[in-house]
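The feature signal peptide is assigned by Swiss-Prot to 1-23, with sequence analysis given as support. The topological domain 'Extracellular' feature in Swiss-Prot is assigned to 24-281, 368-376, 438-449, 523-535, 592-598. According to Swiss-Prot, the feature transmembrane segment maps to 282-302, 347-367, 377-397, 417-437, 450-470, 502-522, 536-556, 571-591, 599-619, an assignment based on sequence analysis. Residues annotated as topological domain 'Cytoplasmic' in Swiss-Prot: 303-346, 398-416, 471-501, 557-570, 620-642. Per Swiss-Prot, the feature phosphotyrosine maps to 312; the stated evidence is similarity to another entry.
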């Protein structure tokens with residue numbers, strides 16, 4: 001094993017490369033060149049709220065509709081995310097200004113919301129919903145200007161410009177509810193270099209919106225659907241009274257600005273919203289701490305093991321050595337098959353399947369191949385990869401099951417293919433029923449659910465059987481010592497050798513390596529933020545693998561020194577101890593970061609958190625188990641057994 005100083009140069013090199021790739025991405029779609037006055041279509045994606053975690057499609061609210069509603073054909077990831085991309089009546093032409101235009105106005109008459117529609121709109125506003133639109137596949141953002149210096153002199157104020165995804169549906173003030181019924185679109189274009197005799201073309205590079213609430217009496221509309229906005233701040237906001245009908249105008253304006261931003265870097269606005277400096281320093285701190293702690297643990301184990309092996313291999317002192325307590329005394333029982341070997345091998349096979357899927361997804365995303373402009377690509381790739389990685393999960397499970405003296409390989413293969421996926425599908429189906437009851441677009445449609453079942457039983461299950469068949473036929477792992485026929489009596493264990501204490505101790509270091517990254521992941525999942533720091537995530541994943549492996553080795557070493565040879569299940573459970581801290585952090589995040597108070601959103605949060613914790617336990621438990629298994633085989637192969 002290498003020490004921390006041996007790892008440090010390579011770590012710095014890897015970190016420098018990852019810092020370069022963390023902000024790199026392949027755009028994913030070809031650029032669209034627009035000519036002057038070409039139509040730029042604005043589409044709606046969905047409505048989201050971090051308070052309810054229930055997305056809704058755009059026309060679930062009484063917005064103005066075009067003459068023909070057309071939904072975009074979506075991939076698997078978009079459907080699972082709750083996206084329902086649909087056209088809107090906004091008429092936007094390239095580099096053509098619009099001061100004010102009225103939507104869905106007939107003969108200069110305002111829109112009338114019924115009592116039921118008013119109640120629904122008011123409810124969505126109080127639930128803090130955001131509206132998400134796209135133009136040329138670029139999501140709309142609301143500019144926020146924050147001042148870090150509160151000095152009265154405006155010249156001394158430092159302005160920090162940030163962007164918020166989407167725009168707020170409305171706002172509340174003194175128990176009154178107001179709707180943002182006017183949208184001021186600001187689109188930025190980049191002029192492409194052309195030959196002298198060719199017409200200029202433009203590319204959309206940023207899409208902003210300024211939402212406003214303007215009451216009916218302050219808007220002046222004519223029969224040509226044009227309108228006049230009130231000057232300055234003389235207007236009052238458009239109130240929505242949920243107890244009666246409400247009349248209002250839906251209006252919008254369009255403003256174009258030329259920008260130096262090139263099309264290839266137009267997503268930088270959305271991918272640099274988080275405080276990157278804090279993120280970098282936290283990651284560097286985790287890297288340094290974990291590698292040095294891992295180096296210290298490695299040196300302790302190496303020195304202790306060298307001393308033990310040297311003592312055990314001295315022929316003159318062999319009798320004295322056997323009278324002492326130590327890990328060699330359990331050599332005849334250390335490879336004794338555990339209880340429920342089929343379930344253990346099945347869980348480890350699913351862990352291998354998860355490990356391969358996560359490693360490939362993070363690596364491919366780090367290289368920039370899963371662009372945010374390719375909506376749903378990340379989730380679609382993850383789903384298909386998990387299905388196809390079943391062959392590796394089945395192979396590893398089959399070989400381990402044979403090593404543990406198992407004989408019913410067909411039943412073992414079925415268990416591997418259905419145990420973990422069945423739990424995931426069951427939980428998701430129950431949660432989906434609640435989402436269906438709320439008429440949310442986040443509910444997986446029945447055809448998509450059937451397609452997922454077909455992928456499970458048509459791709460994953462046959463591949464697991466195939467891998468399991470070849471793994472079971474392959475030569476089992478060669479254990480260096482024979483197993484005694486009569487099990488050795490296990491002495492009474494100290495309190496700190498308790499399984500739960502081991503879980504708490506073993507989970508601290510791996511969780512400490514990743515909890516900062518976990519905050520950004522939770523923000524992306526539960527607060528509708530973009531996550532694209534996959535370079536850092538890849539580095540954290542490598543650190544997680546190293547720390548899980550070394551902690552697992554330390555824990556199994558101390559267990560064997562205590563003459564407890566029942567390490568198979570214990571090591572799998574203890575190595576996944578960081579999942580317990582993930583659960584604790586999820587509860588902390590729910591209480592302190594989210595404003596969820598209703599039952600169904602809370603159920604969704606903890607249901608998906610349970611899936612996350614289960615998957616993380618399988619992942620880290622599998623990593624630790626195989627590291628410990630290799631370690632145990634190595635140390636018992638290094639000593640002389642009579």
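From the backbone N, Cα and C atoms, a Cβ is placed for every residue, glycine too.
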Confidence summary for the topological domain 'Cytoplasmic' (557-570), mean pLDDT rounded: 86
Touch test for the transmembrane segment (450-470) and the transmembrane segment (502-522), at least 3 Cβ pairs under 8 Å: no
Same-chain residues near the transmembrane segment (536-556), Cβ under 8 Å, at least 6 residues beyond its ends: 1, 14-15, 18, 22, 279-280, 283, 286-287, 290-291, 293-294, 297-298, 300-301, 358-359, 362-363, 365-366, 502, 505-506, 509-510, 513-514, 517, 521, 567, 571, 574-575, 578, 620, 623-625, 627-628, 631-632
Interface present between the transmembrane segment (347-367) and the transmembrane segment (417-437) (three or more C-beta pairs under 8 A): yes
Cβ pairs under 8 Å between the transmembrane segment (502-522) and the transmembrane segment (347-367), at least three: no
Counts by DSSP class (helix H/G/I, strand E/B, coil) across the topological domain 'Extracellular' (438-449): 4 helix, 0 strand, 8 coil
Paired segments the transmembrane segment (377-397) and the transmembrane segment (571-591) in contact, 3+ CB pairs under 8 A: no
Composition by DSSP (helix, strand, coil) of residues within the topological domain 'Cytoplasmic' (471-501): 9 helix, 0 strand, 22 coil
Positions whose Cβ lies under 8 angstroms from the topological domain 'Extracellular' (592-598), at least six residues beyond its ends: 50-53, 128, 522, 526-527, 605
